[in-house]
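Student: Okay, handing you the structure first.
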Amino acid sequence: MKDLFEDLNEVQKQAVSTTEGPLMIIAGAGSGKTRVLTYRIAHLIDKGIDSFNILALTFTNKAAREMKERISSLIGGTEAKNLWMGTFHSVFARILRAEAQKLGFPSNFTIYDTQDSVNVIKKVIAEMQLDTDIYKPKQVLGRISTYKNNLITVRSYFNNPELIEADASAMRPKTGEIYRAYVERCFKSGAMDFDDLLLRTNELLTRFPEVLAKYQDRFRYIMVDEYQDTNHSQYLIVKALASRFENICVVGDDAQSIYAFRGANIKNILNFKKDYSDAKVIPLEQNYRSTQIIVEAANTVISQNKEQLDKNVWTSNPPGDKIPVYRALSDADEANYVAAEIFNLKVSQQKKNKNFAVLYRTNAQSRAIEEALRKKNIGYKVYGGLSFYQRKEIKDLLAYLRILVNPKDQEALLRIINYPTRGIGDTTVNKLIVGADKLGKSLDELLENLELYFPSLGLNKAAFDKLINFWTMIQSFQVLLKTEDVYEVAMKVAVTSGILRSLKEDDTPEGISRVENIQELMNSLQGFVEEQKQLDEGDPSLNHFLENIALASDLDSGEEEDDKVSLMTIHLAKGLEFPVVFLVGLEENLFPSQMSMNTRQELEEERRLFYVALTRAEEKAYFTYAITRFRWGKIVDGEPSRFMEEVGEKYMEVLNVNFVNSFKNNTGLDSDIFDDDFTPRNRKSLKPADSSTSGISNSPKKLKPISNATIANPIEGSISALNVGNQVLHDRFGRGEVISIEGDPDNAKAVIKFENEGEKKLLLKFAKLKVL
Ligand code: ATP
Ligand code: MG
């Protein structure tokens, strides 16, 4: 076995060898935080700590798998296989399986994915006869999620007048009622949603001290990666489990906190020192991942955030290339540039597809990039978006499997009761649902004893027969499950239910690919069975398989060895690294996102996102933006993102003519355009491009150098005639009066007193003012 400490610098060694007591490592990107965690676990096992006593929580299950492999290769043997490692959700789902009955849930509870949850919410909203324009199902679910992640149960919600009042004044007074109905519905279906996995774990650990003691005793060494993105619920779980031995090591980077919008709480970092008064804090400063240019560019941007811990990240790597900036005429032009550049680097530097990543702010941006890569025959994989397991044919087959383990799973039952069609129509289904409600039974109970309940359901004989046939089939699968492995059972389900037959009837390319998907699912079932058999604590049950699927993150699917360009949102790229990274769509209103410019906090989160994106690059980063882009079904104009301005020319190489000039005019103006510390810049609003001025053209001859006028907002009204005392209208600040004007005509600035916004100093050529 090799000497573990050989691969580490002095500070990293210290972090790895500090195995006892609370330890926090807050350090910049690429400084080896994840590496330290990996080596620390290897070191613990090496020291003789039973892998059974180690718990490591990671951002994705894929990250956990990779860490395990690395640990195995460091220390040899099979010990690492049995480590408890994974996301919070997957680790605690596993614990809940063992303990669910204490909470009144069946141990084979179903895990609802977001789509299942939204379906339930939709039904609740419909039954309460509420307006879905006011109660948007996804939004309501988001609200419920926030409650759960802050441990606000239905009961505590209704005991808290402030919360009730907040929903009432947001014109959504029924939110609490929906919450209650949703929770009841899930409970009846024996189902937990993602947030329940954390909420219920907290409940378990609080209500049952003996359970808490059991897991405290088991997990003597606890490690958490990406600690900056834990939410309150996760924080409490870790704190409870660690409170006995206090061997807890958390690693993270406040500058990479990018999930505040989903409830992540950066205060967890600050609380650490309060919770553990003897906590050691070890900073890591040397970046091993990226070139100097990339490290310094990233430092420059993030230093503009006010809320951050001081860090000094440096690297001894070579300076590397400046970051090329490509100004595209359209999203298609941008995509073609990216594809051409990948093609060139593959030829000139023998790079492989997998050395490249294209990162974007929103999933929708992948389409144009995909098209361009396809045209050049470059293999790629899009992460996120609709995952394999969310495809209809897969969800249908999985719904059968879900019923087998948890017959109470109403979402699954309703999905397949008449799929493939077997003549059980909506009327019959509705009668069943109404009957079940009236009798206080679940649907599966009715079906199980249909002869008994039949008279009170108002069903005809034909419907009765069909239901009996359906349920007999389900029961036969359940019997099979007792003796056969999950692969065999799933095969039987696919054939006997008629799913395969009905899919095969469609011989269009789409139909064929659906059948292939089912085949792929079968392969993964087979793989799962074999994998589990090799583990000491392996669990080849269907239940476990379904749990893995429900908790697979967007990164977890897919064949990893493939040589493909990675396309993903920046959120997904956290923790990853690639030799070459294209950061595309660097436009105002896209990145930073239009939705996230209302407060300084939001803008700072966007900036952290930018920091995460840039620090994924090892050798080279590219910036691209498009001056017109197809969004929401129309062409909109785009302006370069402020983040490029913040990086500064020093680290960038601007490829297109005149960009530098317009850039220069833009830099240094912040304090002139803003007079308080944060006001969203008065950027050009998104509007359909006027074809005469949009400048879309594929012919380079027509490429107009950008002048200030094209980059700046068009001046409305006659500004040259602007005088002190004029009344003006500004599209964001509203009405105001000109107090003073200064500077030469080209760069004139005016102080304007707005009725509602107070005084602001505006550079006239950028300001969108109308003289009244
Ligand atoms: P992020 O904040 O992005 O999650 P991180 O701090 O977790 O980054 P790692 O991913 O652990 O950083 O390390 C970044 C890269 O630097 C990896 O490729 C890692 O193997 C390498 N690295 C870290 N420490 C060393 C070292 N001492 N010697 C050589 N390479 C190192
Ligand atoms: Mg990391």
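The backbone N, Cα and C atoms fix where each Cβ goes, glycine too.
In case it helps, TrEMBL gives these features for our protein:
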BINDING   Ala27, Gly28, Ala29, Gly30, Ser31, Gly32, Lys33, Thr34  ATP binding site
COMPBIAS  690-700  compositional bias 'Polar residues'
DOMAIN    6-291  domain 'UvrD-like helicase ATP-binding'
DOMAIN    292-575  domain 'UvrD-like helicase C-terminal'
REGION    680-703  region 'Disordered'
Student: Of Gly28, Ala29, Gly30, Ser31, Lys33, the binding-site residues listed, which put a C-beta under 6 Å from ligand 1? Please answer none if none do.
Tutor: Ala29, Gly30, Ser31, Lys33
Student: At a 10 A cut-off on CB-CB distances, which of the binding-site residues Ser31, Thr34 has the highest count?
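Tutor: Neighbour-count leader: Ser31.
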Student: State the mean pLDDT for the domain 'UvrD-like helicase ATP-binding' (6-291).
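Tutor: Per the prediction, mean pLDDT sits at 93 for the domain 'UvrD-like helicase ATP-binding' (6-291).
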Student: For ligand 2, which among the binding-site residues Ala27, Gly28, Ala29, Gly30, Lys33, Thr34 have a CB under 6 Å from it?
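Tutor: Lys33, Thr34, in sequence order.
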Student: Taking Gly28, Gly30, Gly32 as the binding-site residues to compare, which has the smallest set of other Cβ atoms within 10 Å?
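Tutor: Taking Gly28, Gly30, Gly32 as the binding-site residues, the minimal 10 Å Cβ count falls on Gly32.
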Student: For ATP, what surrounds Ala27, Gly28, Ala29, Gly30, Ser31, Gly32, Lys33, Thr34 with a Cβ no more than 8 Å from their Cβ centroid?
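Tutor: Residues close to the ATP site, other than Ala27, Gly28, Ala29, Gly30, Ser31, Gly32, Lys33, Thr34: Asp253, Leu284, Asn287, Arg289.
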Student: So what sits near Lys33 (ATP binding site) in its own chain, CB-to-CB under 8 Å and at least six residues off in sequence?
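Tutor: The answer is Ile25, Ala27, Asp225, Val251, Gly252, Asp253, Leu284.
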Student: Tell me whether Lys33 (ATP binding site) sits in a helix, a strand or coil according to DSSP.
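Tutor: Its secondary structure by DSSP: helix.
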